[in-house]
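**Q** A single structure is presented below for examination.
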């Protein structure tokens, strides 16, 4: 579940980024995007801990594509740091979102075989 923790931390980073990159008050699209996506990342990554919604982390791939697209399409090169931040967070999120929930455990069949041999 380490990947879900990293996703939550990326969400917190997005919530803090308007203050770190000092978005101006007239850049409401940057504020809305960073705050909404930060909350989305946190909610989806934490929802993956619940057994009924353990696949919620796959929706984070959609969020990753959104962040990459938003960062790339909302500016002209050279991109401002806030948009570069969206690109980087989107790429990191895409890499981490595909990690399974039980990535640090042995495969299920191995665990089942181990349980049957010890019983």
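Backbone N, Cα and C define each Cβ position, glycine as well.
Automated prediction, rather than curation, is the source of TrEMBL annotations.
Since we're looking at a predicted model, the values are computed, not measured.
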**Q** Looking at 6-24, 82-100, I want to know which stretch TrEMBL calls transmembrane segment.
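**A** From TrEMBL, the annotated transmembrane segment range turns out to be 82-100.
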**Q** Who are the long-range neighbours of the transmembrane segment (30-50) in its own chain, taking Cβ under 8 Å and residues 6 or more past its ends?
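**A** Cβ under 8 Å, 6 or more out: 1, 4-5, 7-8, 10-15, 17-18, 23, 56-57, 59-60, 63, 66-67, 70, 82-83, 86, 93, 101.
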**Q** With DSSP as the reference, give the number of residues of the domain 'SPW repeat-containing integral membrane' (2-97) in helix, strand and coil.
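**A** Helix, strand and coil residues of the domain 'SPW repeat-containing integral membrane' (2-97) number 79 helix, 0 strand, 17 coil.
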**Q** Quick test of the contact rule: Cβ under 8 Å, at least six residues beyond the ends. What residues does that give for the transmembrane segment (56-75)?
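**A** Residues 3-4, 7, 29, 33, 37, 40-41, 44-45, 47-48, 83-87, 89-91, 93-94, 96-98, 101 contact the transmembrane segment (56-75) from elsewhere in the chain.
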